[in-house]
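Okay, so here's the structure we're looking at.
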């Protein structure tokens, strides 16, 4: 049978399930897949397949995650589910799973638990702005008032982390019953997905964002000038556009792109995802280097000091064997290069153990083009020992 071609007729949205262990994230994922598949008369992804998540490597870190896809009437979704708590943390911090929104699963039998809180905080830190709540296992709670109490608790918890707790949609039901085909619960899953369709907005396309390209390599073409090559991170670049070279130096240099090449062919326009070479007017070979970025003028600045949410690899994952303290000086790998920085731990945190997730302050020795939400890795002698997301720019 010929392989199906992916026809892009509906807008694409990335979502995931988050919440405490055993509250039913994977069961809900399987139920959504089944209910939507049956509506369209196609085969669903079953529970065992989702639960047996394959290992992936992202930025040198091994993560177990399942990706499944499904469609509603108006959208195409890629849905991410991770089996273990550590997998969630790593997923969100490394950006392996970019989520446009998420379904927070809370068991009505338990109410919010420690990881419920952690996942809400993580979503806030890494920029997942839209959450829809699914109160699961409501069939196991006899007292309707208890379910309402749990809902209130969840709403308060969301508000505590600056989500609109009073306005976030909360859907109640049983993922397991829906998976078993209970008609009433199938309707609940349909209602949940209608809510996700309407509440989680369509993401802004990468091509609509301001142009940014981390520089991977620089070379000279005799008689033509300096070429910077790399993968366009976002936005669109057209020949003749003025751009800035930002990072590693205090001053920002302006230049004009006089030519764009991809696979040895000349292009008029490059867009997010393209690997290109950009010919830069009036730039000497020594005025630009790997680790800088080409960017739309005024869209990104250099910074040295910021706060970050960081996951520190455990010894088993190939990370450090010993804890680190304030004044730890590893390299921070941003865009395409390592820059040394000094770590300052928050008050009351004496040390950070391998396997910990922590927020701390970093001061780099050279300025780097940084913005909130940027992902980086922490390295020692070329080995990855952690991964982080910039949560707040300080200087």
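Keep in mind that glycine also has a Cβ here, set from the backbone N, Cα and C atoms.
Note that this is a predicted model, so its numbers are computed, not measured.
The GTP binding site annotation in Swiss-Prot covers 19-26, 81-85, 136-139. Residues or ranges marked as Mg(2+) binding site by Swiss-Prot: 26. For 10-204, the entry in Swiss-Prot reads domain 'tr-type G'. Per Swiss-Prot, region 'G1' is recorded for 19-26. Taken from Swiss-Prot, the feature region 'G2' covers 60-64, and the record attributes it to similarity to another entry. The region 'G3' annotation in Swiss-Prot covers 81-84. Look at Swiss-Prot and you will find 136-139 tagged as region 'G4'.
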DSSP three-state assignment (helix, strand or coil) for the residue listed as 'Mg(2+) binding site': helix
Packing count at residue 25 (GTP binding site) (other Cβ atoms within 10 Å of its Cβ): 26
Cβ contacts under 8 Å made by the region 'G4' (136-139) with residues that lie 6+ beyond its boundaries: 23-24, 27-28, 105-109, 147, 172-177
Where residue 138 (GTP binding site) falls in three-state DSSP terms: helix
DSSP residue counts for the region 'G3' (81-84), split into helix, strand and coil: 0 helix, 1 strand, 3 coil
Cβ-Cβ neighbours of residue 85 (GTP binding site) (radius 10 Å): 15
Distance, the residue listed as 'Mg(2+) binding site' to residue 85 (GTP binding site) (CA atoms, angstrom): 13
Rounded inter-Cα distance in Å - residue 82 (GTP binding site), the residue listed as 'Mg(2+) binding site': 8
Same-chain residues at least 6 apart in sequence whose Cβ lies under 8 Å from the residue listed as 'Mg(2+) binding site': 17, 47, 50, 51, 66, 81, 83
Reported mean pLDDT - the region 'G2' (60-64): 73
Same chain, 6+ residues apart, C-beta under 8 Å of the C-beta of residue 22 (GTP binding site), given in sequence order: 107
Around the Cβ of residue 82 (GTP binding site), the count of other Cβ atoms that are within 10 Å: 24
